[in-house]
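Peer 1: I have a structure I would like to understand better, so I am pasting it below and will then ask my questions one at a time.
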């Protein structure tokens, strides 16, 4: 009975999160990422971040994926419950000090702050397999075509 109650609570939380979720348009997300200081952060461009968000979640803030090891990944950047957030189920390091469900709404500043922490780790963007497979070494300018963002001309600049 206790397990059933836990499942009901989790489903209720996910339903509420889904109601406040958003699937971002590419250029809309590019603008948010640029405004949050991701262009040039640790030498990566908004194109890198758009590419990761596309392949991880399809720009969907409510996306949750479950891994064979029992951990889950949350939000637009698919932040893992074993390392970056706490879902109350998976043993976690919770390195971003955040509840995983807080990553499932349209308010992505907390996702961005946590993603910056991931990018600042020893793995940097390689922490996302999608970046290694689809983004690294590719022309990422296509991700920004038609978007009115003010990008830094020197992507090695970092104001953080």
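All residue numbers here begin at 1 and follow the chain in the order shown.
Quick reminder: no glycine exception, Cβ is built from N, Cα and C everywhere.
Per Swiss-Prot, active site is recorded for 56, and the stated evidence type is sequence analysis. The disulfide bond feature in Swiss-Prot is assigned to 27-147, 51-135, 85-100, 96-114. Per Swiss-Prot, domain 'C-type lysozyme' is recorded for 22-150, and the stated evidence type is sequence analysis. Residues or ranges marked as signal peptide by Swiss-Prot: 1-21.
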Peer 1: Looking at Cβ-Cβ distances, which residues of the chain lie under 8 angstroms from residue 114 (disulfide bond) while being 6 or more apart from it?
Peer 2: 77, 79, 84, 85, 96, 98, 103
Peer 1: Measuring Cα to Cα, how many Å separate residue 56 (active site) from residue 135 (disulfide bond)?
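Peer 2: Cα to Cα, residue 56 (active site) and residue 135 (disulfide bond) are separated by 12 Å.
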Peer 1: Roughly how many Å lie between the Cα atoms of residue 27 (disulfide bond) and residue 51 (disulfide bond), rounded to a whole value?
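Peer 2: Between the Cα atoms of residue 27 (disulfide bond) and residue 51 (disulfide bond), the distance comes to 12 Å.
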Peer 1: Out of 51, 135, 147, the disulfide-bonded residues in the record, which is closest to residue 100 (disulfide bond) when you go by Cα distance?
Peer 2: 51
Peer 1: Within 10 Å of each Cβ, count the other Cβ atoms and name the one among the disulfide-bonded residues 27, 85, 96 with the highest count.
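Peer 2: Highest number of other Cβ atoms within 10 Å: 85.
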Peer 1: Counting across all protein chains present, how many other Cβ atoms fall within 10 Å of the Cβ of residue 51 (disulfide bond)?
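Peer 2: The answer is 23.
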Peer 1: Distance check, please: Cα of residue 135 (disulfide bond) against Cα of residue 147 (disulfide bond), rounded to an integer number of angstrom.
Peer 2: 18
Peer 1: What's the CA to CA span in angstrom from residue 147 (disulfide bond) over to residue 51 (disulfide bond)?
Peer 2: 14
